[in-house]
């Protein structure tokens with residue numbers, strides 16, 4: 001019997017009618033999109049850059065410069081701090097401390113510059129600090145000291161020169177505010193189950209806030225050993241980077257305090273130092289000789305919210321020991337969930353700090369997305385324990401190697417802990433396509449800056465962006481793909497072994513440089529009109545930006561396949577290059593960048609686009625799932641940049657009525673949100689809504705069947721994510737059965753407030769639908785549940801749902 005499939009005449013007629021309706025909808029949406037986009041483009045308006053105001057140059061004194069001189073090199077610190085966890089008579093929370101730093105003189109100098117910010121000093125004689133030679137010999141007298149507030153220095157002027165090779169000790173006594181500003185040594189607060197406010201003294205030193213805790217040479221290359229002592233209330237625990245070496249009780253001003261001294265750290269940067277005083281509790285286990293503890297609020301730990309983090313930390317540490325071919329460098333790994341924390345997490349060596357929702361997980365309340373966040377963030381921070389902490393970049397201008405690398409290998413580490421998730425594929429959506437949208441803007445910047453471009457704390461903070469994290473990860477993923485993972489890994493092992501705990505310049509990862517590190521934006525390989533033997537290389541950016549700088553070129557590794565075969569990797573080394581293997585003719589097609597291993601978008605001629613669309617319509621599984629997402633995302637972004645017609649972009653979504661995989665659906669939804677914003681005030685918004693509703697209904701029905709009418713959970717990570725997409729999209733676009741499901745859940749919950757019937761994976765979508773369709777009563781109900789929430793991931797879902805009301809008067813009550 002001949003291969004194929006057969007349908008009845010009536011079914012065929014219905015299919016043709018539906019297809020024509022979809023085509024008509026796409027054409028209508030395309031026309032309105034073009035009208036709306038053209039309205040915002042005013043060709044008569046030119047961008048102008050105002051002239052920079054004239055300023056008076058600052059004096060060229062060493063203390064007026066943001067970078068430290070190289071005449072002195074720190075070797076070790078002894079830091080003692082006493083945080084007061086109740087306010088003083090003025091209502092302020094403060095800490096007291098003293099510190100000494102031993103440094104070696106590299107070049108003769110009569111000036112000591114050390115970072116200090118917002119510290120008040122107890123004068124020693126007439127000066128902020130005192131100086132001794134470690135060997136007891138004479139030192140040049142101090143003639144003056146002062147605080148240079150604009151550049152955050154404590155300045156020590158000497159009468160004579162410090163001698164090269166000589167070691168000196170600088171000692172100071174100080175007081176600082178234990179503020180709630182989430183920087184340096186700061187105060188975090190929470191309310192326990194009895195309604196009592198609890199105060200936590202904790203730290204966030206990166207990038208330039210160790211100087212708020214004690215005077216220090218606060219640059220990443222200025223590595224030293226640290227010995228920390230914390231004086232704290234006896235009913236509180238004190239932890240730091242290293243295990244405690246001793247604890248004793250001491251009476252100070254008539255009160256009993258515990259004095260906990262910690263073992264000396266290995267050589268490390270100031271931004272990695274951490275210490276915490278709290279009443280947190282922990283769960284623990286070991287991985288080999290490494291003690292692992294997960295800390296958090298006592299109630300959260302008692303409820304088991306630290307158990308999942310404890311479960312995955314050991315496997316991730318083991319994976320990275322294998323990956324780097326280097327044992328974990330410290331005797332313990334503490335991880336702490338903080339109620340108030342500015343970053344998602346911080347890789348302090350041996351004492352990693354997190355937002356609670358990035359460390360704690362409660363299966364009764366937390367979704368699969370919460371679980372994935374916990375394992376990937378833990379993996380990211382543990383990756384830094386080697387790459388970033390053991391081996392450290394000299395200066396922040398090359399942050400992308402530090403954060404980009406961790407953002408790449410976090411998926412590898414997470415995959416080692418959750419092997420069934422296939423989580424590595426998510427990097428295409430979470431990192432590659434997310435940052436491509438940013439990198440296509442005219443405001444984008446290169447991965448790497450010149451060292452003299454990054455000086456001030458504000459400039460350093462600006463480097464911590466998606467280009468450093470996600471583009472860095474995407475580029476390293478590309479390098480790993482064409483080198484192979486084993487070769488890439490071996491290069492890193494050589495790099496790490498050779499560093500010896502020092503700092504390295506980024507002259508290539510494993511010896512492999514990439515020209516694109518000095519350029520913003522991304523490549524756009526493009527086929528010319530007609531047949532496809534030839535490839536052209538352009539810079540892809542939104543708008544009509546033209547670059548002539550020679551650095552704006554790439555050597556692009558291109559993987560490819562046709563309908564019949566998969567080819568060998570092709571290296572595009574010139575702006576225009578011919579490859580006869582790319583010749584295809586109908587009904588075959590050419591597909592570039594398999595599994596989106598390369599950091600670039602792809603455009604084709606119209607004939608090839610048509611053949612790809614035809615393949616998606618007849619048998620979409622002939623194209624790899626990641627590339628089905630790629631076709632959608634590339635087409636929509638090419639349309640936004642006016643490389644292709646928007647009709648083409650919208651046509652890439654027609655096959656979704658047959659698609660059940662997460663990645664193509666997520667790529668489509670990410671891009672359709674932009675079009676929804678463009679259309680929501682136009683006359684065809686209704687047609688767009690109807691079209692999306694038509695496309696998502698089969699997906700909704702698919703998951704209804706897979707989950708036995710929502711009674712079970714899909715087995716895989718991707719399936720669980722796509723079930724969420726099905727519910728969220730169907731309810732948002734008015735699928736009656738989905739909205740009825742939300743109403744049923746709402747009614748059941750309101751009848752028994754203590755028993756939430758909504759599966760954790762679906763709560764964000766169902767909560768939002770409840771508020772969007774339920775009016776004031778539903779909003780008030782969610783508001784009350786938000787005030788009662790004790791699990792941070794549940795509170796996040798409820799708080800977000802409160803914004804789903806379509807009624808401004810309801811939202812204004814919250815504001």
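Think of each number as a place in line: the chain as shown, counted from 1.
The backbone N, Cα and C atoms fix where each Cβ goes, and this holds for glycine too.
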Listed range which TrEMBL flags as region 'Disordered', given the options 40-65, 66-91: 40-65
Per TrEMBL, 380, 384 bind Zn(2+); matching candidate in 356, 403: 403
Residues that sit under 8 angstroms from residue 381 (active site, proton acceptor) by C-beta distance, when 6+ apart in the chain: 335, 345, 346, 347, 352, 354, 406
Segment-level pLDDT (mean, integer) for the domain 'Aminopeptidase N-like N-terminal' (74-272): 97
Residue 469 (site 'Transition state stabilizer') versus binding-site residues 380, 384, 403 - nearest by Cα: 403
CB within-chain contacts under 8 A for residue 384 (Zn(2+) binding site), separation at least 6: 347, 402, 406
Chain-internal residues near residue 403 (Zn(2+) binding site), provided their CB is under 8 angstroms and they sit 6+ positions away: 464, 468, 469, 472
Least surrounded among the recorded positions, given as 380, 469, when other CB atoms within 10 Å are counted: 469
